[in-house]
């Protein structure tokens, strides 16, 4: 086992604070409308340019093991804030740095670290309640656009695109961000249900100019099995041909003679058919087939429930106004399923979302709700170079998370003002003893840090602006972009309550642990390996 290097007390804390400051100073230059970019070197490809706090934090590793421990703990703050609300990572880092710096000063002055932590925790718990009281619901698209704009670093087009996307697909809808092809940002809304499976044979294409299969008011056969024997399908095919409508087959797979016969029938014009694989795998495939059945008013033909394909009738088939299938996707537009059944299915999936334990499962379930309830919007990010594209995509992603958080828990005045107001309200808060009271003061003083940093990045004097803002009340604050004082809500500078709350909670959690650290243990740096030749051989 490698030898360990151990540091105690003030020695350990000084080293740790140095690491915290290196990381926090690198991250906090990005805060606010006049925050700067950080360039990150990559081992291959062009460097990445970013204004996203968590991306900067993730890149930082320090050579000194003790300093690195401090940096890694603050990195955890940024990551946690990012996971919880998708934004506010820089604010969380600035708050953590402020609480740690003030807290360690108090420890050096002889305060009890455990009592300090209790005081900080008490102040933060009260601050979270105050934030909730200040919070205003965010429902109209103007407010949504403003939140998106602020989070995308004052990029108005991004804010408007997100608001428009939410308008079109609803609050439940799925909005994804992709690379665009041009220089402009675009919004693409997919009505109906789309899944990522294309046609099984290019011979089904009936619109050669677009390379797609378009079928008007088709029947939809849903089978949870592989179809390779055409005999199983003959009764259904004959019934569909009699009805004079096209048929879409969605099955685990269609292969061999079954696929060949369908292609021949289509080419001869006997019956228009198109076959696609069912989306997903395993249990998720079964669930998605059931979703499609609910949407189109059909039944999934599955041997698990004793149904056979040969005995299927037209009543078992779903219907839709239109189905469009291209190489990679299938879109079902206006299924004829009953609204009550669709809402029931959505309710069922929402229940599963509440019980889901992994983020991946939750995301997939939310996608299913969106496909049933609203639709899917894709924001295509345009840029001149790939480096700019990456940077912009990260900002749009942040803005999207921020607007979702705003819709969820409401908004408060932005620009660091909400935390300043909360701190002023809690000025009279006291705890069981003097050391805990100092802890409360440490947390309340730290709540000014985001405002001061925004002002400092804008090249103004933080103390002057902070005093002016504190002298005002309500939503009165400082707009760093235009260098004006006024009502932050009127300026359109809003922060999602969830983002501000998460930033404060995670910052205080990690800072409290670091203040109470008394000893640090790390591996000794390995010396150079001894030179084997020097041992000498008996001659």
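A Cβ is built for glycine as well, from the same backbone N, Cα and C atoms used for every other residue.
Swiss-Prot lists 30-33, 51, 87-91, 415, 479-481, 495 with the feature ATP binding site, giving sequence analysis as the kind of evidence.
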CB contacts for residue 88 (ATP binding site) [other CB atoms within 10 A, all chains]: 32
Cβ neighbour count (within 10 Å, all chains shown) around residue 51 (ATP binding site): 20
Secondary structure of residue 495 (ATP binding site) (DSSP, helix/strand/coil): strand
Most crowded position, judged by CB atoms within 10 A, among 32, 415, 480, 495 as binding-site residues: 495
Lowest local Cβ density among 30, 90, which the record lists as binding-site residues, within 10 Å: 30
Helix, strand or coil at residue 90 (ATP binding site) [DSSP, three-state]: helix
